[in-house]
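A.B. asks: Questions regarding the structure given below will be posed in turn.
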Amino acid sequence: MTSTTDLLAAGPPPAASKARGRVRGRHPYRSALSTARARTGLVLVGAVVLAGLLAPLLAGHGPTDQSGQSLAALGTPGHPLGTDDLGRDLLSRVLYGIRADLGIIAIAVPLGAVLGCLFALVAAAHPVADTVVQRVFDLLLAFPGLILALAVTAILGPGRVPVVLVIALAEIPAFGRLLRGGILVQREREYVTAARVGGSSGRRVLVRHILPNAADPLIVQIAVSLTVAVFIEGAMSFLGVGVRPPEPTLGAVLSQSMPYLAQAPNFAAGPLVTVTALVLGLSLIAEALNREIRR
Amino acid sequence: MRSYLIRRLPSALLVLLAASFLIFTILRLVPGDPATTLAGPDADAATVAAIRDRLGLDAPLLSQYAHWIGSLLTGDLGPSYAIGGQTADLIGDGLGATTELTVAALLFVVLLGTAFGVLGATSRSRWIRTAVRVTTTTALAVPPFVSGVLLVLLFAVILGVLPPGGRVPFLTAPDLAVQYLVLPALCLALPSAAVLGRYLKDGIERGLAEDYIRTATAAGVAPRRLLWRHALPNALPPVVTLLGMQVGHLLGGAVLVEAIFAWPGLGQLAEQGLQRRDYPVVQDLLLLLVAVFVLVQLLTDLVYAWLDPRIRWE
């Protein structure tokens with residue numbers, strides 16, 4: 001599994017910075033990621049991702065093991081975060097919840113991104129294709145995302161697959177529109193004409209010249225999409241159409257804690273802190289990258 | 001303006017038609033037959049067949065579709081399959097609750113957004129500007145289910161001043177209704193308020209840097225008047241478009257917020273209807289949502305042109 005940070009730090013292919021003729025010696029994304037804002041984000045995201053990856057080592061119990069004591073308080077021996085209503089260790093559930101979220105996100109976001117980009121490439125090929133693709137995006141955007149989630153789950157039944165699918169469906173128009181816009185802008189640039197005059201085929205110009213330069217905003221979109229993915233997973237859990245119990249996800253643990261907020265606030269504490277750290281970190285990274293691109 | 005409307009209407013109707021077709025198709029793809037669901041697990045084949053016949057489920061799909069569209073045009077939506085009562089009443093009740101929630105949220109969006117924007121752009125205190133930035137970044141990043149749980153923890157559990165969920169209709173007991181309304185509306189409003197605040201801040205900052213502001217300052221116009229009469233109105237047109245888009249987000253987000261706060265609106269109705277395969281309720285309701293979405297977009301464009309006289313309804 002590629003961690004979020006790797007994905008973001010990797011940056012665009014070298015062609016992008018060369019073509020833009022950046023004077024600074026450092027890679028543009030690297031300089032964006034070394035700002036205080038981005039560093040805070042990377043630390044937050046890194047900590048959560050690491051906790052999720054190391055869940056089997058860090059968790060003292062299985063995520064679905066039940067101990068005798070339900071709704072144990074913070075700092076109970078053996079259960080640092082306490083236990084939930086069924087006596088399951090909350091620390092373990094949160095750690096494995098992170099792991100489950102990462103697993104879903106790591107499939108769904110790339111899937112949506114790739115499909116969205118493919119749509120954009122199809123749209124770039126022909127004006128008629130462009131119109132069709134645009135309308136498909138409009139329709140995907142017109143349905144409130146969570147209604148879509150309810151419908152998809154009604155068709156497929158609850159589980160991981162519908163969650164992944166709903167996230168991917170939400171990401172398709174986001175990535176597709178961005179790349180389509182980028183291609184349209186780059187296509188008018190002089191270097192494209194130069195490449196055409198130089199005898200490159202239409203496909204080669206698109207893949208080797210336009211695409212690397214149009215891909216810039218996509219990097220930011222990846223960070224944004226990861227946030228959206230965390231959001232959708234949690235929302236679906238709250239709507240009761242998320243991953244099937246007893247498997248923990250961050251959203252599932254949080255929604256299970258709702259009826260016990262007054263009795264055992266520590267039930268909600270773990271997922272609250274984790275989700276906040278994760279989405280805040282991702283937003284900070286996205287914002288730092290965005291600033292760099294808009295300069 | 002009339003010609004603009006006339007040109008925009010056909011495409012809006014076309015989107016509605018496409019959406020109706022899509023909704024109808026998706027609903028028929030959902031496994032499980034309304035008649036079987038309605039008859040219960042122990043029903044024999046004859047009962048199920050009788051129910052199928054009563055609901056008209058044996059008719060060809062195309063004629064079922066035509067029947068549905070016909071019911072929409074005549075306004076007689078008919079009875080619901082499973083939830084009970086007339087479809088129109090169910091949707092009316094849900095719409096009332098969701099509208100209440102969305103309007104209250106919109107009010108919060110405008111109030112908080114303006115406060116964020118004006119304070120962020122004009123406050124002399126660095127602390128206030130930083131506080132606004134941190135608040136908007138957080139409000140924008142944190143999903144409603146996190147802010148919702150935090151709001152319930154703070155206001156219902158710790159302070160004990162507001163109820164954690166449920167609804168009292170506004171017309172029954174306004175004071176009680178407001179208490180139930182505050183937390184869900186705030187939860188729904190926060191992300192949109194942050195977006196609005198950011199746009200407004202940028203707009204006001206750009207506006208205050210314009211030459212005419214310098215001229216007006218030199219002519220002795222008071223700073224407060226500069227902000228409220230000049231910089232702010234000029235920052236409004238893009239914000240209105242944004243607000244229009246946010247209404248769509250609010251409606252979509254309402255589905256989640258209703259689930260968090262047990263608010264009996266359209267989202268809850270959609271959830272129930274889908275679970276029980278109540279075709280009439282779900283398809284009418286989804287189409288209504290799409291229609292509202294389309295209408296809001298149309299209104300947004302009109303208001304935009306009204307706010308910015310440089311744009312004509314051409």
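Residue numbers in this text run from 1 along the chain shown.
Cβ atoms are placed via backbone N, Cα and C, with glycine included.
According to TrEMBL, the record shows the following:
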{"type": "REGION", "residues": "A:1-25", "note": "region 'Disordered'"}
{"type": "TRANSMEM", "residues": "A:40-59", "note": "transmembrane segment"}
{"type": "DOMAIN", "residues": "A:98-286", "note": "domain 'ABC transmembrane type-1'"}
{"type": "TRANSMEM", "residues": "A:102-124", "note": "transmembrane segment"}
{"type": "TRANSMEM", "residues": "A:136-155", "note": "transmembrane segment"}
{"type": "TRANSMEM", "residues": "A:161-179", "note": "transmembrane segment"}
{"type": "TRANSMEM", "residues": "A:218-241", "note": "transmembrane segment"}
{"type": "TRANSMEM", "residues": "A:267-289", "note": "transmembrane segment"}
A.B. asks: When you scan the chain for residues with a C-beta under 8 Å from the transmembrane segment (A:136-155), skipping those not six or more beyond its ends, what do you find?
C.D. replies: 119, 162, 165-166, 169-170, 172-173, 176-177, 232, 235-236, 239, 241
A.B. asks: Which stretch, A:40-59, A:102-124, A:218-241, A:267-289, tops the Cβ pairs under 8 Å count with the transmembrane segment (A:161-179)?
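C.D. replies: Counting Cβ pairs under 8 Å, the winner is A:102-124.
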A.B. asks: Considering only the recorded stretches A:102-124, A:218-241, A:267-289, state which has the highest number of Cβ pairs under 8 Å to the transmembrane segment (A:40-59).
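C.D. replies: Ranking A:102-124, A:218-241, A:267-289 by Cβ pairs under 8 Å to the transmembrane segment (A:40-59) puts A:267-289 first.
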